[in-house]
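**Student:** This is the structure I have questions about; it appears just below.
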Amino acid sequence: DFLCISLVNGFTQLRYNLGDKTVILQALQKVRANGNTWHLLKAGRAGNEGYLDLDGIKVTQKASPGMNVLDTHTDFFVGGVSSLNLVNSMATENEPTGFTGCIREIVINNRELKLTATDPKGGANVGDCDGTVCGYSVCKNSGTCQVENSGFSCSCPQEWTGTTCEQSIHCSQNLCGSQALCIPQPSSFSYTCVCALGWSGKYCDSKIKFYIAKFVGNSYIKYTDSYYGKRNLQYSRISLNFTTNQTEGLIAWMGKSEDEDNDFLAIGIANRTLKVVVNLGERISVPLVHRKYFTCCDERWHFVTVAQNQTCIKVYLDEELILFEDIDPQRKYTALNYGGICYFGGFEIGRKVSVVTTGLFQKEFIGKIKDVVLFQDSRKIQLMNAEGYNVYDGNSGN
């Protein structure tokens, strides 16, 4: 399998093969190869239906029966490859050759790649395209960069300050503690402090401990499973207690949640009922929904367990088996490669649940979680010993 974007006789071309046939899309207009015109290229595929958009002019390929998953296990290359032997003979129209020109702002599945000297895994013969210390996007938040004798300076819009316009003026004199994030509130010319785990108060300067985690809607916990390397991922299990009065919300997400290739097991509330979604590698998420309504948002404590035995999923609610399904009788993928990462209540600040889960869950969790156990561990995980923000002590009334 492959997916390749190339320049052919002055035209941009997208080629991909999902295992059965090579699909070829070519832009309608030529690229202006004068060395000073930037072009915006968008290309991709949903299943086996492809699209190629150059400067707003789009070409599409209708879906046809056949393969619809891109199975690639190589590195991602930009501008050239480490060895031409890696390039499938059908990936380019002519003999493959390296790109000469400038590339910036590469976004893969909504995540921007950092094109710096240190962030990529490797590379060769790549220089700074701008040729000055200003480069691309040195000044944040629409700031304007000027080259100075001593380096550069940024001219910032009125809402931003700092050497690279990285700081909101509303947070420039903030009183948030060191264990906090300052979130600007432009409408009220003010800010709020978002507290790291173990801290609370208006300025996050009060230390707290909790065993019951209280989530208020813009909260999250990211837990790293230190035993991940020793787990048998064909037999995964998670159990926890939760309580809520909301009709929607993501309770737990086992998985890295970095891109669409990541396996995951998710538990949440959707339309007042329990919803479990599992993806073992097909990119086809299998939702399992409990049809007994009004069981999950009654402000009572509920005990939920999800057990994965290869492709068989069992869901227990209050110790009653409510769902039992084989999500892939063909047994193509049987392990939950979740990367040792578990999220509770939501994702990092600024990452919306509805976007990260591609609509599987609509909102961040509001409620309480306790007694989280992974696999058959004898101990509950210590939610305090994790990363997170805006999580409160569920024992108290705050």
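Note: Cβ is positioned from N, Cα and C throughout, glycine not excepted.
Remember, it's a predicted structure, so these values are computed and weren't measured experimentally.
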**Student:** Between Cys165, Cys171, Cys193, which residue forms the disulfide that TrEMBL gives for Cys176?
**Tutor:** Cys193
**Student:** Per DSSP, what is the residue count of the domain 'Laminin G' (1-129) in each of helix, strand and coil?
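**Tutor:** Secondary-structure breakdown of the domain 'Laminin G' (1-129): 3 helix, 40 strand, 86 coil.
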**Student:** If you count other Cβ atoms within 10 Å of each one's Cβ, which of the disulfide-bonded residues Cys156, Cys195 has the most?
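**Tutor:** Comparing the disulfide-bonded residues Cys156, Cys195, the most crowded Cβ belongs to Cys195.
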**Student:** List the disulfide-bonded residues among Cys102, Cys129, Cys156, Cys165, Cys176, Cys193 whose C-alpha is within 10 Å of the C-alpha of Cys204 (disulfide bond), in sequence order, or say none.
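**Tutor:** Candidates kept after distance check: Cys176, Cys193.
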**Student:** Restricting to the same chain and to sequence separations of six or more, state which residues have a Cβ under 8 Å from that of Cys165 (disulfide bond).
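**Tutor:** For Cys165 (disulfide bond), the qualifying residues are Cys139, Lys140, Asn141, Ser142, Gly143, Cys154, Cys156, Pro157.
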**Student:** By Cβ distance under 8 Å, which residues at least 6 away from the ends of the domain 'EGF-like' (167-205) in the same chain are close to it?
**Tutor:** 158-161, 218, 221, 349, 383-384, 386-393, 398
**Student:** Whole-number Å only: compute the distance from the Cα of Cys195 (disulfide bond) to the Cα of Cys102 (disulfide bond).
**Tutor:** 41
**Student:** If I take every residue in the domain 'EGF-like' (167-205) and average their pLDDT values, what number comes out?
**Tutor:** 89
